[in-house]
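Pulled from TrEMBL:
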REGION    27-47  region 'Disordered'
COMPBIAS  29-45  compositional bias 'Low complexity'
DOMAIN    72-435  domain 'Kinesin motor'
BINDING   Gly157, Gln158, Thr159, Gly160, Ser161, Gly162, Lys163, Thr164  ATP binding site
REGION    566-599  region 'Disordered'
COMPBIAS  571-584  compositional bias 'Polar residues'
COMPBIAS  585-599  compositional bias 'Low complexity'
Amino acid sequence: MGNDKKKDEVKGKGKKRVDWCQFMIGSASSRGGSTERSTRGSTTTLQSDEDNVNVVVSQLRTRAENKIHTYTILNPYRVRPLSEEERSRGERQILEFPGRGQVICSSTVAGQKPKVFSYNVVFEPAASQEDLVEYSGVKRLLEMAVEGFSCTAFCYGQTGSGKTHTLTGPPGLAQGKPDCWRGDVCRGNGSPRYTRIERGASPYSQEHGLVVRSFVHLFRLIHERPESHFVLKASFLEIYNEKVIDLLNPGTARKPLQVRWSKESRSFYVENLFTVDCEELDDLFAVLEEGMRNRAVGAHAMNAHSSRSHTLLCVRVRRDLRATGDVTCSTHGKINFVDLAGSEMTKKTHSRGKTLEEANNINKSLMVLGYCIAQLSDGKKRGHIPYRDSKLTKLLADSLAGNGVTLMIACIAPTRSNLSETINTLRYAARAKKIKTKPIVKMDARDALIISLKREVDALQAENEHLRTALHVQTDYNMDSYSNRQRQTPPQLEASKLHQLPPSELVELVQLYMDDNSALRKENTELFAMRDQLLRDQELVSRENERLLKKLEDVNSVCVRSPIIPARPTYSESGSSEQPNIWTNPVNSSSNSVVSGDS
Ligand SMILES: Nc1ncnc2c1ncn2[C@@H]1O[C@H](COP(=O)(O)OP(=O)(O)OP(=O)(O)O)[C@@H](O)[C@H]1O
């Protein structure tokens, strides 16, 4: 009851935004052509050749969809522009972008060589939020979530490097107009530096980040699949000082939620986390708005609106679709958006008191994440992975090494004063690039079983059709041969007339019955032998069918999304004698040999 009221409260907050959402959808699609300009045009904001980007995305497509089961984590990185404050201090951008996904960090020590890092996708300071959505691979991630994969997009990097900006835009945008901050105390912690965002109408903004744009794209994908029924549920939590707090139910700040291990799904989950059914795009916006308003934000020397917690916004996508015939199955995909709190050098941020405690907790959990990434990326001597050492790594375990697909966006600041943190982030990213995950579609065990049984039944029906055809020919032939060659059916007499027959005719009749009986017994033995032979043949056919079905499934799974191969293999037409028919019973020849043996 309380939950329902809360759901209505959260969802109701998004309702008045209908115009904004519709406008967003219209605007986003109408702007589709302009992205080309930003990658190829004179400004060259996205510093990577398009082919490179496409290679990344198509690798993801081929591997995940064809269930080849290894996938390298995508990790583009984004360099934020110099801030006004940095400019006023006379700081300069020290990163160079020579092209082909390279970034050069000039050394601060005289005579030392500059460090060169190389990536698939680099977003230079002038890259727009739209570029990020178009070329980071997040659209592909959303498609995969709709198809039933577990996907995660997260931003990491030092404090003030632009993680929150990349995910949700400038401070306050996801909740209302930017820069509409008040001096309210957030979450009653007594610190005047903690601010609460004033709500207000938020018109469409170019500054909206990955999350809002992803929501719009997600709904577009759903509308493009009218054959399926979708159910979306969203949750939003934060990990603040190693405590899990439900951002849609901030009362949990007093009684943090527990992270538990599920034996069934073999992953960690948050107990009693509030989830909201999202039937409309507005509902998702409402979840984002509510969560962003409740998250812990603070100020320190390096960022006036610094996130003091890690947040995880999860949208679960259940898809009910007709699998084969009248069987419906459900896939369970999800997309997580994770905004990590930034690593901090407390000397630089001048953290004290509460901010210092937060910084220590943030740094500790990021250090555990770093260990996990280092272990996972070391393919050969992969040892114990310390997921259990922090709440963050417990909740990201599945994204990092499980059955998920992950996009890690490394955010970096361009100035000399941040060089050592920048190099750390780039090293982190280089390690993360080596991690492999094994994406699989999540499906109900019951649904998966029904589908496989249905397939088996279809295959057996086809097989039986073959066998029935083959058996008809043999049975008719054999019955004919018996009646022609061996059996002389005795005349049918009524029992009452038997005693009227003369003894000689009676002897003859008994003889006839004895012959017929022995012929039938012989026929019976031969039919049994034939039945055994057919059972053996059937066994062979079944095995062959199983093999062919497996092959067919393999071929199908390889072809199903390939742009060059038709979605389904074309079976050879019945009239064509050149190509072997995939359904031809390979044991026909052995069945025939039974027949020829008999004749
Ligand atoms: N690409 C960008 N374009 C314009 N401004 C940006 C960009 N990236 C970041 N900024 C600005 O830089 C400031 C710091 O960014 P942001 O708060 O997103 O950093 P952060 O990495 O999330 O920091 P923290 O870890 O402390 O939360 C913000 O004012 C933000 O609007």
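Quick reminder: no glycine exception, Cβ is built from N, Cα and C everywhere.
The structure, with features from TrEMBL marked on it.
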| residue | record | Cβ contacts under 8 Å, 6 or more apart |
| --- | --- | --- |
| Gly157 | ATP binding site | Lys163, Gly342, Ser343, Ala410, Cys411, Ile412, Ala413, Glu421, Thr425 |
| Ser161 | ATP binding site | Arg80, Gly342, Cys411, Ile412, Ala413, Asn418, Glu421, Thr425 |
| Gly162 | ATP binding site | Arg78, Arg80, Cys155, Cys411, Ala413 |
| Thr164 | ATP binding site | Cys155, Pro171, Gly209, His305, Ser307, Asp339 |
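DSSP assigns Thr164 (ATP binding site) to a helix in the three-state reduction. Close to ligand 1, meaning a Cβ under 6 Å from one of its atoms, are these of the binding-site residues Gln158, Ser161, Gly162, Thr164: Ser161, Gly162, Thr164. Residue environment of Gln158 (ATP binding site) contains 25 other Cβ atoms, counted within 10 Å of its Cβ in all protein chains. Within 10 Å of the C-beta of Gly160 (ATP binding site) there are 27 other C-beta atoms, taking all protein chains into account. In the three-state DSSP scheme, Gly157 (ATP binding site) falls into the coil class. Cβ contacts within 10 Å of Lys163 (ATP binding site), excluding its own Cβ and spanning all protein chains shown: 26. Cβ neighbours within 10 Å of Thr159 (ATP binding site), excluding its own Cβ and spanning all shown chains: 25.
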